[in-house]
Every structure is written in structure tokens, then in C-alpha cells.
Amino acid sequence: DCLGWFKSCDPKNDKCCKNYTCSRRDRWCKYDL
């Protein structure tokens, strides 16, 4: 199961969905342009 938009995440263990990335600053999944 992956994390979607605006879900809180850990930058060291990025479990965001495909095309998303865990923001180190905000600590939630953002769309990776």
C-alpha cells in the first residue's frame, strides 16, 4: 500500500505512490514534477 497526496511520510523511508515524492521539509507526499 502506498501513500497518496498530502499523506504524512518519512523522507528516510519514502512509501509515497508512484509519481509522488516525500517532501523532506514538509514531510508529506507531493506530486513529483
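Cβ coordinates come from backbone N, Cα and C, glycine included.
Sequence annotations record features per position, and here Swiss-Prot assigns disulfide bond to CYS2-CYS17 (among others). All protein chains shown were included, and the count of other CB atoms within 10 Å of the CB of CYS2 (disulfide bond) stands at 12.
In the three-state DSSP reading, CYS22 (disulfide bond) counts as strand. Per Swiss-Prot, the feature disulfide bond maps to CYS9-CYS22 (among others); the stated evidence is a curator's inference.
The disulfide bond annotation in Swiss-Prot covers CYS16-CYS29 (among others), and the record cites a curator's inference as its basis. Secondary structure at CYS29 (disulfide bond), as computed by DSSP, is strand.
The leucine amide feature in Swiss-Prot is assigned to LEU33; the stated evidence is experimental evidence. Note: LEU33 (leucine amide) has no non-local neighbours, i.e. no same-chain residues 6+ apart with C-beta under 8 A of its own C-beta.
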Let me know how many other Cβ atoms fall within 10 Å of the Cβ of CYS17 (disulfide bond).
15
Distance between CYS2 (disulfide bond) and CYS29 (disulfide bond) at the Cα atoms, whole Å?
10
Cβ neighbours within the same chain of CYS16 (disulfide bond) - under 8 Å, at least six residues apart:
CYS2, LEU3, GLY4, LYS7, CYS9, CYS22, CYS29
